[in-house]
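This report refers to the structure that appears directly beneath it.
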Amino acid sequence: MGPSEKSLTLDDESTGAVSWTPEAERRLVRKIDICLLPTLWIMSLLSWMDRANLGNANIAGLNSDLQLSSTRFSMALISYYLGYIVWVPISGLLVARTKPSLYLPTIMFLWGVVTAGTSAITTYPQLVVMRVLVGILESGLTPGMVFIFSCWYLPSEFGKRSSWFVTSAQIGGIFGGLIAGGLMANLEGVRGIRGWRWLFIVEGAVTMVVAAIAAFILPDYPSSTPRLSEEEKYIAARRLEDAGMNTVGSISSGERLTIGAAITGTFKNWKTYALCTTSVFHSGTLIMTYFYPVLVKGLGYKDPIMAQYMTAPIWAVGFVFTMAAGFLTDRAPRYRGLVVSSSLMFLAIMGVAVCAVYDFTVRYVLLAFMTGGIWSAYSQVLAYAGELFSDVHPDVRAFAIATDSLTSQTGYLYGAYLFPAENAPKHLLGFGMVVAMAGVSSICYFLIWMVASGKLKRHYAGQESD
């Protein structure tokens, strides 16, 4: 039976026959997109802006007001990830056992409160405490998003949607720099408040408002959302089952695993160890994005406001690369792991070029291309994790994704020291380490793809023959 003729019959005692055509499925996916994507994207946008605002605030006067040395600033960056690492496994368990429409907006509202509260700090220890709290609260968003996507979308639909989610980071980077520059230029000293404090106040307040709205928009799971008809709920779940995805945990709470069983299932899977080991290296490349204002300032843009503005084109290049990777991998999903590996190797090559060239203009362009490699890889790593664990119980999948997210933060612990101020403007140590980490993680992802590709190729071949 070809796709255009496909129909399903439900249990006569339940909802009766359901006609399932490709057009009906396309309409369903569009409906899911409308419910999920805009809300999650805005939530992610504010998450990235809230976590990245420390770099913007640093060159806007926070460093002088709090007497932050380069080492102390690095410790402030690390403190966020300490909170993240401690709490992300727990978040993985909670998001699979609660309503996403309640859990995600709640943690978002709370990190908005903490972000706004950061405007009142006066000492370095207070800054560290606030960053730890933000890390704890934000730790649930990205693994929660990957888990939710895996409960609604086919692996062949992950790429563009994961890329769309990650573009929030680029847009956050673009507007984060512009907003920071605008606040410095227009609000510095207003009501006796420094511009960097206004940055935390404004972004924290906006985060709280969006969180309150998101609680009324986000759907939960196919079986429980009131936004779908009974037939749409059935199709939403059944199409995932037909693709070999395990949807038990998102359909019936009575079929949940115990916490111990979810943890055991995670650590009995070889993919957990493979992805987590690779993430330790891969995550170190992402830390570079937090130093864009500092790196750009070292390329001749000495004015702090201009340095903020000049980060925007770099993020824009990342946006283009991210979307291109998403469209490419959804057209050829079986090669997603290879795309990740290739993106990281491209990053490594651009990094070598940055180390070899000292012309500021050329280095600025190469820095933008490095950003393209960073984000095209990262967007598909998220999709790849959801894809690799799509055939396990959702409770195991949620904890496995959270565990991978935990190890993906470890790179920030050492990466925060890669670009000290005394190494400006060349920063050979930092760029050299990024090259090494990108090269190692590229090889690792290639090996994972080679091992897993046999099963995935058979899976996609089966989908194409349906």
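Every residue gets a Cβ built from N, Cα and C, even glycine.
What you see is a predicted model, and the numbers here were worked out from it, not measured in a lab.
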*Given 164-184, 374-394, which one carries TrEMBL's transmembrane segment label?*
164-184
*asked:* Ranking 73-95, 102-122, 164-184, 312-330, 431-452 by the number of C-beta pairs under 8 Å to the transmembrane segment (273-292), which range is first?
replied: 431-452
*asked:* Counting CB pairs under 8 Å, which listed stretch among 73-95, 102-122, 128-152, 312-330 touches the transmembrane segment (164-184) the most?
replied: 312-330
*What parts of the chain pack near the transmembrane segment (196-218), using Cβ distances under 8 Å and only residues at least 6 beyond its ends?*
35-36, 39-40, 42-43, 46, 49-50, 53, 56-57, 60-62, 65, 100-102, 104-106, 108-109, 111-120, 179-180, 183-184, 187-188, 190
*Cβ-Cβ under 8 Å with the transmembrane segment (73-95): same-chain residues at least 6 beyond its ends*: 51, 54, 58, 63, 103-104, 107, 124, 127-129, 131-140, 143-144, 147-148, 259, 262, 287, 290, 395, 398-399, 401-403, 405-406, 409-410, 412-413, 416-417, 420
*asked:* Using Cβ atoms and a strict cutoff of less than 8 Å, what residues sit near the transmembrane segment (431-452) while being 6 or more residues removed from its termini?
replied: 271, 274-275, 277-279, 281-282, 284-285, 288, 335-338, 340-342, 344-345, 347-348, 351-352, 354-355, 370, 373, 381, 384, 388, 411, 415, 418
*On the 0 to 100 scale, where does the mean pLDDT of the domain 'Major facilitator superfamily (MFS) profile' (36-456) fall?*
87
